[in-house]
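Take a look at the structure set out below.
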Amino acid sequence: MMSLSTTLKPLSHFSPFVKRHNPKTNNTLFTLDTHNFTNSFWSKRGGSVSHRKHTVVAVYEAPDHVESSWRRLLSEVVVVRTKRSFWERSWTSWDVSKLVIFVGTHLLSLLAPFYFSWEAFWVFPWLVFINGICITLSYHRNLSHRSFDLPKWLEYLFAYGGVLAFQGDPIEWVSNHRYHHKHCETQRDPHSPTQGFWFSHMAWIFDTSSILENCGGEENVDDLVRQPFYRFLQRTVLLHMMAYSFLFYFCGGMPLLVWGIGITIAVRLHLTFLVNSVCHIWGTRAWNTSDFSKNNWWVAILTLGEGWHNNHHAFEFSARHGLEWWQLDITWCLIRFLEAIGLATNVKLPTETQMKGKALV
């Protein structure tokens with residue numbers, strides 16, 4: 001954390017952020033001015049800024065060609081708009097493939113009223129739950145953060161379920177997420193909220209070239225790349241999605257395709273996206289982290305515990321995100337069950353000392 005000079009001036013009379021130049025990178029830094037913000041915002045919301053120490057909670061780094069910036073409503077996040085348009089770039093074939101899948105599932109979901117059947121309808125909530133578990137338990141807590149270990153057969157089973165959630169292969173997903181934690185809320189963050197709500201929510205997934213340019217390749221996932229199973233999934237991920245869709249159509253016709261693929265995938269995508277967007281903008285903070293991650297109770301309910309995002313950013317290694325007894329974390333309940341029957345081992349949790357060291361209160 002760094003101290004903030006009292007001579008710096010805020011961006012505007014209502015903004016708690018200060019704009020200053022970084023000569024080393026020739027970039028602009030947006031830093032939190034605790035003098036004009038502590039009493040007006042954090043004192044009401046139990047934030048982590050100390051008025052006495054003038055602590056900076058987070059530092060945003062942006063190119064100098066910033067077009068405009070503003071603070072998000074009811075949040076301390078500053079949105080930085082640059083002149084580079086989303087469309088003024090080259091699209092890779094993988095970007096186009098993801099856009100086709102995204103638009104296709106959403107268009108398919110619009111057919112739901114015309115292909116309603118109770119049999120297909122009841123498939124929808126169960127698949128949303130199963131797909132969600134495979135993403136939160138496997139892609140996120142097991143593969144991205146190694147919060148616990150599973151037997152290889154079970155690890156691979158959950159990971160394959162993540163592929164069928166239409167969120168890409170494990171190597172790409174885990175790589176992006178690890179870069180998110182490494183460069184959180186900076187220009188190198190794959191889905192920084194400083195680039196706007198919709199960018200952090202979903203637009204970022206169609207810009208793989210930018211991630212490659214800002215973060216690098218997949219050298220941060222050597223543990224997965226070394227395994228033939230994950231390389232196989234990376235090469236064939238589209239084939240699995242197509243086969244999965246054809247299976248639903250073969251078993252239940254258009255009703256099952258619409259409800260089991262269209263609505264299920266569209267809903268699950270946006271539930272996952274809420275963690276990237278909403279949970280870095282709105283909510284409460286319990287821990288002193290170098291970002292604006294938030295705990296959001298309603299997102300936590302919808303995402304099987306992922307909404308306790310400030311908890312997660314404070315203790316990335318923790319298999320449990322709902323650290324309080326009242327913080328519902330369905331994914332953690334399943335991990336505990338797997339641990340109880342001997343399938344989940346080396347389950348990591350923060351110690352009392354670690355929690356006291358980061359607690360705001």
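Note: Cβ is positioned from N, Cα and C throughout, glycine not excepted.
Swiss-Prot assigns the feature motif 'Histidine box-3' to one of the listed ranges (19-23, 44-48, 309-313), namely 309-313. Among the ranges 82-86, 177-181, 287-291, the stretch that Swiss-Prot annotates as motif 'Histidine box-2' is 177-181. In the motif 'Histidine box-1' (140-145), the DSSP tally of helix, strand and coil residues is 5 helix, 0 strand, 1 coil.
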